[in-house]
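Pulled from TrEMBL:
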- 8-313: domain 'WDHD1 first WD40' (DOMAIN)
- 132-173: repeat 'WD' (REPEAT)
- 170-190: region 'Disordered' (REGION)
- 178-190: compositional bias 'Basic and acidic residues' (COMPBIAS)
- 245-286: repeat 'WD' (REPEAT)
- 349-448: region 'Disordered' (REGION)
- 377-413: compositional bias 'Acidic residues' (COMPBIAS)
- 436-446: compositional bias 'Acidic residues' (COMPBIAS)
- 782-821: region 'Disordered' (REGION)
- 811-821: compositional bias 'Basic and acidic residues' (COMPBIAS)
- 873-950: domain 'WDHD1/CFT4 helical bundle' (DOMAIN)
- 957-980: region 'Disordered' (REGION)
- 960-980: compositional bias 'Acidic residues' (COMPBIAS)
Amino acid sequence: MAARPRPRPAHMLGCTRCAYTPNGRQLVTVGSNNTIRVYKTGFDGEPTNVDDCPEQNVAVAATDDFFVVGSEDGTVSLYGLATFAFERFLLRTSLPVRDVALSPDGRWCAVASDELTVRVVGTADNTVVRHLRAHNCPAKHVAFDPRGRTLAVACTDGVVYVYSLTAEDNEDEDKDDNEGGDRRHRGDPPLIRKIDGVISRLASDGAASAQVAWHPDGRAFAAATPTRDIQVVAAHDGAAQRAFAHGHEGPITALAWSPNGALLASAGQDGKLLIWETKTQSVVARHDYRGVLAIAWHPTNNLLSFTNGEGEVYICPDFVAPQYAVLLRLPVQPSPFIHDPRDEAATAATNGLVRRPQQRRGEQATRNGHRNGLVELEADDDDDLMNGLDDGGDEDEDGLGDDDDGFVVDDDGAGYTMSGSNGNRKRPRGAGGAGGDDDDDDDDDPYTALRGIKRVAGIAGGVSGRNGSAGMWRPRYHMPFQPGSTPWRGNRKYLCLNLVGAVWTVDQDAHHTVTVEFYDRAVQRDFHFTDTFGYDKACLDTRGTLFASPPDDGAAGGAATAARAMVFYRPHETWTQQRLDWRTALPRGEAVVALALSASYVTVATTADYVRVYTLHGVPVRVVRPRGTPVVTCAGWRDYVWTLGNGALAPDGTARLQSTIEHVGRGHVCQSEDTVALPAGATVRSVFFSDEGDPCIYDSTGTLLTLLHWRQPGRAAWVPLLDTTRLSRLADGRKHESYFPVAVADGKFHCIILKGGDRYPYFPRPLLSEFAFSVPLGGVSGAGDGDDNDEDRGNAINGDHDDHDDDDDEHGQGGRRTEAAEARRLEQALVLQGVRAAQLRDRLTEAETETETGTGTGTDELARHRMRKLHYRRQTALARLELETDKTLLQLLARECRAGEERGMRALELVRLMRDGSGKMVEAAGKVAERYGRTVLGAKIRALGERQMQARLGLGADAEAGDGDGDGDWDDVDDDDNLV
């Protein structure tokens, strides 16, 4: 800035605000007098005055066609920029207006006032009003995110409330389409996040600001803190990120990002106006301007305007010095995160898909060797291929049609998402292929899109030349993850969460601090240590803790000085005098994808598509390359190693997730490349073994599944144990929560309940919750279990309904509902008992196999004795479980007998399901039938019992009455003549 700009008297003393139109052609200012001034950019003459307005205007927002002004008299007025005249009132409040904000498309205007609700009114039709009610105090500031999907409300209680404007909008549109609803009556937008501890408690009419300034990339916002700093807060989780500190000595009154987010301007009551560099959070320019209340950057030029409490307007061309003005010409810069989620996602995707040593060694072969093969990589090198990782997916044109936790995609091509840098080979957004928003926390697309496009030779007319576009497709792969861990949130991250304890790390800039906590402190003591390796993955059990660190890229000294990825194991106790920790380094350029720790082995999956297995003392025992690559994750239990990887592509271009389970000690592969049962578009959130050694997964649909018969090749089947979306606590629809899976133990699902839009737990460490299994069964019922109100509706139509029968009907309906609930409970218990019985039988079979082969029992007599005791306990547990199953069947049988004679076939089927081999349960079933007067059913049950007894004795006498197979099926009992 060459010279200090002159102030332009515009308004009277008091609150003065300003705003640029999005095209930058005009600057609108409002103040305490009844005049609005519109300055034309680049014109030094007198502004255009709008006199038809109220006094005490305290807020303004503008689009290219109109601007909106809020006043302390409670009116929100709309003015046209073409006519510079008042057009209409948008809204009238009973208390003073404090702030207004327009959505990026100009369709909505948010109004903050001293009332306890914030109103979002349609600018085209002001009868369409939506209310934000979750906060219970006046709002001081409101701000839309750059895509108009969310609205941040800064309230006088010192809390920032973040509302979603997409969920209710989509529901209302569906309702309007299906039911012809009136769009004037909309539901309240839901609260998705409540952020406390950032802004101060302020008076609604005070000069100090609690303004929420969204960064242009939409992933974070900045707000002034009580300590006179400016804190950046992540939008997807509300965690504090970088801070612009030690700049002001008084309360901050205004702040604004530059259009590309590279600079931040702030003003305070200390009379300072500061320009900060976003990347370094350092002050690059200081200016003395007292009483600044509002700051506005020009959308394209090096031009800053601001107003003060004296009613003056400053329009400052070339405000940023030339050495920093170049920053304004950059594309949109990323938000200043401590650990950028996009960088983590890119690293994970690159490690899992691209950065493989064998590919780098054969770089030239990759460029030339594929020309005579089936596929060819478009990217010329690894860097281009890494830059080719993009968000994919189709863009919602209105910006309000889908859910996105990250709030931003590169829809304007500005380059702030990970887009390719391949020159004219860069594909535009949405150019075919499946995918979703590039967001590390986006549920809608759980896959990573590989933008290094593969070309199949000879299809769709063929492709000639490297820039051809025919036959292009984009495969999508499952992202690698570490079970039980969370991404960085601020400077903290959970490395492991399970039933033993928790491991987390804190980024201290120069180093990390790792803490290990145990739930049972009587057995193990908590410990923490200074981590100079930067461990980002961990596993924890009762024997020790396993860590892994990423490799250093060696940017300072080159690849030769780059630190290699490390694996570190720390046992909790040892019988030697000194605890023996061990650490091993992976080959250069190889990174850890996932870790697993069991009672016998350490498993490490790497970016080279290797699965490395070590003993607990660091002895390498196996290195394999699974067929399902890239590897996604792994888990371990005793001698078993379970790996998941990307397999063949489905017709939609999505890789199928495949799992392999191997017994390392015996070298036996139990399941080889078995497809994981996932719904379309779903992905795995966590994998683990239960406390009894059963493989379990928890997917993005909220379903917990276990794998039955996995020890027998070709027989494995995924069985759902719990659907968390059907929990009774969510039945009323008032709770919005999700669940972070931790473990399956004691026949229950252990998890952490996450409120609102959170996907991962944060600090302080939350308590664990547990839910009993509940298999998602359908509402199948007999003819007598139909709608309880059908008979009443029929009587009402025929005029046969008597008032004096109301009490009897209510009691009858209540009884039927109770009976139906009891039936569902029994059916649920029956299915779960069947699952547990199948798991017990598999364990018994495994124990018998180990006893016969001599593996797993040891050579000493004590080990064999322990195995025999365990085997006996399992046999006893199975017998007890089968008895409980038969009791459940008896209770179901009694219900069927009470329902009527027409339920006899269903009742007989229940008897056939009984597991008791002594015949006592069948005899008891006959007595139940006789008790309810079901003589025919009782005769059939007795005949079934006789045939089963003859089959057990091997008499074969049932050939005359049935098919002679003695299995008690329908043809054995269906001949009524033989029952008389």
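A Cβ is built for glycine as well, from the same backbone N, Cα and C atoms used for every other residue.
Where the annotation comes from TrEMBL, it is an automatic prediction and has not been curated.
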**Report entry** Structural state census, the repeat 'WD' (132-173) (DSSP three-state)
**Finding:** 7 helix, 19 strand, 16 coil
Query raised in the report: In the domain 'WDHD1/CFT4 helical bundle' (873-950), how many residues does DSSP put in helix, strand and coil?
Result: 67 helix, 0 strand, 11 coil
**Report entry** Segment confidence, the domain 'WDHD1 first WD40' (8-313), expressed as mean pLDDT
**Finding:** 91
Report summary line: Taking DSSP helix as H, G and I and strand as E and B, the repeat 'WD' (245-286) has 0 helix, 23 strand, 19 coil
